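*Asks:* My questions all concern the structure below.
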Amino acid sequence: MLDTLLINIGQLLTMDQEDGLLRREAMNTLPVIENGVVGIENDVITFVGTAEEAKGLQAKEVIDCGGKMVSPGLVDPHTHLVFGGSRENEIALKLQGVPYLEILEQGGGILSTVNATKQASKEELVQKAKFHLDRMLSFGVTTVEAKSGYGLDDETEWKQLEATAQLQKEHPIDLVSTFLGAHAVPKEYKGRSKEFLQWMLDLLPEMKEKQLAEFVDIFCETGVFSVEESKEFLLKAKELGFDVKIHADEIDPLGGAEAAAEIGAASADHLVGASDKGIEMLANSNTVATLLPGTTFYLNKESFARGRKMIDEGVAVALATDFNPGSCPTENIQLIMSIAMLKLKMTPEEVWNAVTVNSSYAINRGDVAGKIRVGRKADLVLWDAYNYAYVPYHYGVSHVNTVWKNGNIAYTRGEQSWSTATI
């Protein structure tokens, strides 16, 4: 006898087509079972099929989904989850046209977050991050990548990574930890970026030993770290056993996309300024293009990443929130789906694949997350929607009814039984 049986599922989005990254037409294809049923036993999916195929199955608990839609738990592969403070005080300055460099000189911008993160205790960072994870869960997300990067020194970077490790034990969402010590060049290292990168590299052996990070990331952009610096840094991280990511071509076509493909990065993220050559190289690689349209939207920029061109050329595209206090303060992956549809010209089918299958591969979780398949963890979302196109179409709200994490109900609309986080 099964533990749980979900019946009367109007559309069951299994996302279970070919293994590996989805490209071109595969991105525009959604495996959907009409009148579907999912069986769960010992926190694992044990049955996926139609109501006809499920005849005779029995379970301790039978949940009637009322003809609504069920999908896998969503995957957010790019967030800056652990940080101190917030930066709503900068909104008026931005609207007045005050340049970012001037905001920095006033102690704002990333420096404000760095200072707040340094001053916060680990427990304060954990509690604040729990609050944000709770929201992510309520939007249907069950797997999240979490970066450090608001320390720019060893002590605070360790604190962020240790906070992430604690969150992994205390919150139902699965976390994937990324070391982003090379997020910016601190003032005291101005003009000495190579020395700073060496300092960050010196932290990696102990980080690997303590298993505090799975990925290493770097911000490759004009005025921060060059393409050559980024490649050298990430290749050394790979030699130490880390997988790598790169913040690439967010503003300028610097060559970050090309570098990511060349060194075999798991993902290249942002890519607003990616060149035609960079897109071509990504299409011929296993590097996922993780696009962050919420950031472009919040920064009030006109030019978005060329998502349509990337997909048409064969790039494996994923979507993420880029949740952070400065350029994209939202946990709402559903809003990102809507923006991607409208501004990146992605179809609803492509959007769904980009927040499940491809996003799971962007963080090396393609074998465990992003699909409803027998043998996988029962990470499921019941939606207050009867078809998949409705979710990105009706934007700005959450359509989630219930979230199951490892077969257990982790969120139900109107209830917050998963955490007592405060902010």
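Cβ atoms here come from the backbone N, Cα and C positions, even for glycine.
Note that this is a predicted model, so its numbers are computed, not measured.
What Swiss-Prot shows for this protein is this:
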type: BINDING; residues: HIS78, HIS80, HIS247, ASP322; note: Fe(3+) binding site
type: BINDING; residues: HIS78, HIS80, HIS247, ASP322; note: Zn(2+) binding site
type: BINDING; residues: ARG87, TYR150, HIS183, GLU250, SER327; note: 4-imidazolone-5-propanoate binding site
type: BINDING; residues: TYR150, ASN324, GLY326; note: N-formimidoyl-L-glutamate binding site
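Help me picture where these features are in the structure shown.
*Replies:* In the three-state DSSP scheme, HIS247 (Fe(3+) binding site) falls into the strand class.
The Cβ neighbour count for HIS78 (Fe(3+) binding site), using a 10 Å radius and every protein chain shown, is 30. A coil conformation is recorded for HIS78 (Fe(3+) binding site) in the three-state DSSP classification, outside any helix or strand.
Around the Cβ of SER327 (4-imidazolone-5-propanoate binding site), the same chain contributes THR295, TYR298, LEU299, each under 8 angstroms and 6 or more positions distant in sequence. In the three-state DSSP scheme, SER327 (4-imidazolone-5-propanoate binding site) is classed as coil.
Taking the Cβ of ASN324 (N-formimidoyl-L-glutamate binding site) as centre and 10 Å as the limit, one finds 23 other Cβ atoms among all the protein chains shown.
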*Asks:* Which ones are near GLY326 (N-formimidoyl-L-glutamate binding site): of the binding-site residues ARG87, HIS183, GLU250, which have a Cα within 10 Å?
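*Replies:* Taking ARG87, HIS183, GLU250 one by one, the ones whose Cα falls within 10 Å of GLY326 (N-formimidoyl-L-glutamate binding site) are ARG87.
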*Asks:* Quick check on the binding-site residues: of GLU250, ASP322, whose CB has the lowest count of neighbouring CB atoms inside 10 Å?
*Replies:* GLU250
*Asks:* Under 8 Å Cβ-Cβ from HIS247 (Fe(3+) binding site), six or more apart in the same chain: what's there?
*Replies:* ASP217, ILE218, PHE219, CYS220, GLU221, GLY256, ASP269, HIS270
*Asks:* Spatially, which candidate from the binding-site residues HIS80, ASP322, ASN324 is nearest to GLU250 (4-imidazolone-5-propanoate binding site), comparing Cα atoms?
*Replies:* ASP322
*Asks:* Counting only residues 6+ apart in the same chain, whose Cβ is under 8 Å from the Cβ of TYR150 (4-imidazolone-5-propanoate binding site)?
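*Replies:* For TYR150 (4-imidazolone-5-propanoate binding site), the qualifying residues are HIS80, VAL82, PHE83, GLY84, ILE110, THR113, VAL114, THR117, THR156, GLN160, HIS183.
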*Asks:* Sequence gap of 6 or more, C-beta under 8 Å: which same-chain residues meet both conditions with respect to ARG87 (4-imidazolone-5-propanoate binding site)?
*Replies:* GLY108, GLY109, SER112, THR113, PRO325, GLY326, PRO329
*Asks:* DSSP on HIS183 (4-imidazolone-5-propanoate binding site), three-state: which is it?
*Replies:* coil
